[in-house]
Amino acid sequence: MEKLLWCSLVMIGFSQAFAQKDMSKTAFVFPKESANSYVSLEAQSKKTLKAFTVCLHIFTELSTTRSFSIFSYATKNSPNEILIFWSKDRGYAFGVGGPEVLFKASEIPEVPTHICASWESATGIAELWVDGKPKVRKILQKGYTVGTDASIILGQEQDSYGGGFDANQSLVGDIGDVNMWDIVLSPEQINTVCVGGTLDPSVLNWQALKYKVQGDVFIKPQLWP
């Protein structure tokens, strides 16, 4: 009986653990609107951040229909510690530590789209790049430090640490090539990543990704080069 209980506990532990996998040429597919389907990511680095860059591919038809979350990084002190969010009729909202700036756009084209967002504490400069092309720079949270022990979620926006999901803000579509660095990538580096190059990501590495899938999320081949 004790042996059976021990085996059961081991199996539960495995089911709750983060898998690590090379996700090259694959994508997470969110096929329907939901408040309980998402992917949790585990950061390779647990340190606080004075700068960062997040890059990813997204493929969705939602942008002219409603708003949705692209990348959600929460800490216990701030559910929107880092947030990349599509705001219908407004554009890309990029938040650090709660406050956000808006990069205007009328839609996300209904083709696979590459997005990079970067920020640095020293100047507060926030940048957004779409398919290798920059938006006008903004200023955001100069002097701020991004916290650690993060809950990183794809597919949902966190209104609380690891939860508080709203189906009306969920992603429907594909997301992949999610990488994150603890530096601001240069324009040349952004363009290298945009065309499929690798730059040894220090926080999230798509080629050695630690993740957990919850609900109706599937891993399928990428629909972009």
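Cβ from N, Cα, C; glycine included.
Taking the Cβ of D159 (Ca(2+) 1 binding site) as reference, residues of its chain lying under 8 Å away and at least six apart in sequence are, in sequence order, P79, F165, D166. If you look up Swiss-Prot, you'll see N80, E157, Q158, D159 marked as Ca(2+) 1 binding site.
Summarising the annotation, Swiss-Prot assigns Ca(2+) 2 binding site to E157, D159, Q169 and lists sequence analysis as the type of evidence. Annotation note: E157 (Ca(2+) 1 binding site) sits in a coil segment as assigned by DSSP.
What Swiss-Prot lists as disulfide bond is C55-C116, and the listing cites sequence analysis. Annotation note: C116 (disulfide bond) sits in a strand segment as assigned by DSSP. Listed in sequence order, the residues of the same chain lying 6 or more apart from C116 (disulfide bond) and placing their CB within less than 8 Å of its CB are T53, V54, C55, E127, L128, W129, L185, I190, V193, C194.
The feature domain 'Pentraxin (PTX)' is assigned by Swiss-Prot to 24-225. Summed and averaged per residue, pLDDT over the domain 'Pentraxin (PTX)' (24-225) gives 98.
Counting Cβ atoms from all protein chains shown, Q20 (pyrrolidone carboxylic acid) has 13 others lying within 10 Å of its own Cβ. Look at Q20 (pyrrolidone carboxylic acid): DSSP puts it in a strand. Under the heading pyrrolidone carboxylic acid, Swiss-Prot lists Q20.
The feature signal peptide is assigned by Swiss-Prot to 1-19, with similarity to another entry given as support.
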**Prompt:** Far apart in sequence but close in space: which same-chain residues, 6 or more away, have a Cβ under 8 Å from Q158 (Ca(2+) 1 binding site)?
**Reply:** S72, A74, P79, N80, S151, G164, F165
**Complete:** For N80 (Ca(2+) 1 binding site), the three-state DSSP class is coil
**Fill in**
Cβ-Cβ distance under 8 Å, sequence separation of 6 or more, same chain as E157 (Ca(2+) 1 binding site); the residues meeting this, in order, are F68, S69, S72, N80, L83, F85, F165, D166, Q169
